[in-house]
């Protein structure tokens, strides 16, 4: 009864909106949509708990104009996604066609390097996501224990790998769909609460921060928070090129809306309650000040975020292995191989320290994919795409060399 007496109108708005969003995202209507099934994988990978840490970090760097930084990051990510989508439609027929040419030989070399870079990044990031999930579980419900946290991480990795090996892609998608449905319901109920908060307390009076080279380095690092859209490229064993392209677009539209809306709406909260720390726990603390119910939901949200992101990257890694071995190793074996490497990393390295290398590897992968798109667009005389890719390449070189890892 004491808790009920503490509930405010905002709490009831959060709870009601959460239930309504949950009914929608887990509805048979969405479940029957093939495009939604394909889009869930890149969406799960893009929206980890990164939106929680990117907001205070952007506000710290850009002040009240953080919304412009987030919009720029989302647009840049969409342009990079455009390079990968271009490769799915235009480069893959050259790469995997029967005709030989100098261009094909060059593209195969660049593609191989990019895939190796991505495989390296996936294997670290999957271990990182689940290791972080384990630390959330023990810090939130038990006492922290390094060995028990690694054991839980190992169990989760083996569960995902063995499930994917035995039940294949569609079972992983089934698990992912429910985790993403819960995660999106929490995120959209958070946005609803922030919308109500802004209705009562909107302010654009935050401080203005100087924009310099350090700001650009941090923005480059934050770009890697919205990575994950590339997983659509590696679903070719089950889905057509057109389906993969549409799924990536849909995932980037939804995630872009979430990231930009969240940054815009949370800015007023930061004006009244400046963030003291640059991590996801700070957002959870501030959300608890907005709504008691929201605070509890956000404590649960990161668990779903880390699990679904790990499943999504496992799917991507399995598809990558299938492609890189010229279809000799199926995706189901790829899932098992990926998670076993993850288990080895959990027990042999500190994944919280080596995640920075994964961030650089993701950036390098995007650079190489853009170079492939640049080469193909030049060959096919697609002038507009060639111009866009020409402008993207130096931006990605800067991010590879100078981007600050958010982790």
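Cβ atoms here come from the backbone N, Cα and C positions, even for glycine.
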(message) For the annotation transmembrane segment in Swiss-Prot, which listed range does it cover: 212-234, 281-303?
(response) 281-303
(message) Six or more residues beyond either end and a Cβ under 8 Å away: which residues meet both conditions relative to the transmembrane segment (334-356)?
(response) 122-128, 130-132, 150, 153-154, 157-158, 160-162, 164-165, 172, 314-315, 317-322, 405, 407
(request) Six or more residues out from either end of the transmembrane segment (361-378), which same-chain residues have a Cβ under 8 Å from its Cβ atoms? (result) 80, 83-84, 86-87, 90-91, 94, 103, 106-107, 110-111, 113-114, 117-118, 120-121, 124-125, 220, 223-224, 227, 230, 385-386, 389-390, 392-393, 396-397, 399-400, 403
(request) Examine the transmembrane segment (253-271) against the transmembrane segment (40-62) and state whether at least 3 Cβ pairs sit under 8 A, considering only residue pairs 6 or more apart. (result) yes
(message) Which residues of the chain, 6 or more past the ends of the transmembrane segment (40-62), have a CB below 8 A from one of its CBs?
(response) 68-70, 129, 173, 176-177, 179-180, 183-184, 187, 206, 209, 211, 214-215, 218-219, 222, 225-232, 235, 247-248, 250-252, 254-255, 258-259, 262-263, 266-267, 270, 275, 277-280, 282-284, 298, 301-302, 305-306, 308-309, 311-313, 315-316, 406
